[in-house]
Amino acid sequence: MNYKITVIPGDGIGPEIVREAKKVMDKVGRVYGHSFGYTEVLMGGCSIDAYGIPLTEEALETARRSDAVLLGAVGGDVGNSRWYDVAPNLRPEAGLLAIRKGLGLFANIRPAYLYRELEGACPLKKEIIGDGFDMVIMRELTGGLYFGDRYTREVDGVMTAVDTLTYNEKEIRRIAVKGFEIARKRRRKVTSVDKANVLDSSRLWRRVVEEVAKEYPEVELTHMLVDNCAMQLVMNPGQFDVILTENMFGDILSDEASMITGSIGMLSSASMNESRFGLYEPSHGSAPDIAGKDMANPIATILSAAMLLRYSCDLDQEADAIEKAVREVLAEGYRTGDIMSRGCEQVGTSSMGDLIAGKIGST
Ligand code: IPM
Ligand code: MG
């Protein structure tokens, strides 16, 4: 099969890590007989430099016409006045919000998994880690506070800022369905996270999630308040399978979950619409301080490419092969600087990509 992939290298380390993910995909293509046709577009700071805006309509249209999008990272140093001394809707990150909305990517899937090989990097105590953890955060991505009306103006002589948190039942239902669907293929547990003791939007969330749960009797549903969830993540992370939550809570909890894996450089993510279309990117940022130095960890992007194959191309076997290759390379003791520990061999971005690509089809 031939797949059309829109590639957005972006800013900072983006181009380097995307190059490695493409290297691995091309190897998969050769071994399994697929071809991936890439079209590169600009987004973020590089798009601002070229066109004055973080995402052009043409770039969005290219993405829309493809089977999937592979993204590196966008944004830079906030000290970079060229990108940041402008209105918020013209900054690099606005490109990310625009592509999420423009492509209808309402379902953000963020796995947080503790690699046994990297347990030393986990900041939690051994007794809390227990048998490890393996969870997925299913974050609603195109609603809530991020996309509600907002303004700042004087009200009765006092400067006042307003952000609106809105959810309708359709938006809640479709993300809940995605959450239950994914739970069904995992350990069949959904923890729906809200703030139903305070917010109306959360009370509606809870009601709709319960309705959807009736269609998935094999999946166990529990509700958890977001503050309690933040605590439970560092007290007993092993209890979670799928965490289902709204946009802002998911933003915060997914950073917390990634932190306890000890290795944000390992975490992939997918943002999907109703169909099989998705945008795949590492969970980490553009790390401008190490850009261009062959130091970045490409594994999160390589694992995002695996998710792309699995979810958008239905290539499970190929995705498994990439995940297995990553494990093998880690088990052999190769590490990039961010996950380096004693007794291991430190390698650069491009060597890590070579090592992983080298494993595909080798057994
Ligand atoms: C993320 C990021 C974005 C978000 C920012 C860059 C707008 O933090 O993907 O989690 O808040 O969604
Ligand atoms: Mg975030």
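Note: Cβ is positioned from N, Cα and C throughout, glycine not excepted.
Just so you know, TrEMBL annotations are computer predictions that nobody has curated.
Binding of substrate is annotated in TrEMBL for ARG100, ARG110, ASP227; the matching candidate from ARG64, ARG65, ARG139, ARG188 at the same site is ARG139. Proximity to LYS195 (site 'Important for catalysis'), judged by a C-alpha distance within 10 Å, picks out ASP227 from the binding-site residues ARG139, ASP227, ASN297. Separation of the C-alpha atoms of ASP251 (Mg(2+) binding site) and ARG110 (substrate binding site): 10 Å, rounded to the nearest whole number. Residues near ARG100 (substrate binding site) in space but far in sequence (CB under 8 A, at least 6 apart, same chain), listed by position: LEU141, THR142, SER271, LEU279. Note: the Cα of ARG139 (substrate binding site) and the Cα of LYS293 (NAD(+) binding site) are spaced 33 Å from each other. Taking the recorded positions ARG139, LYS195 in turn, the residue surrounded by the fewest other Cβ atoms inside 10 Å of its Cβ turns out to be LYS195. With respect to ligand 2, the recorded positions LYS195, ASP251, ALA291, ASN297 contribute ASP251 as residues with a C-beta closer than 6 angstroms to one of its atoms, given in sequence order.
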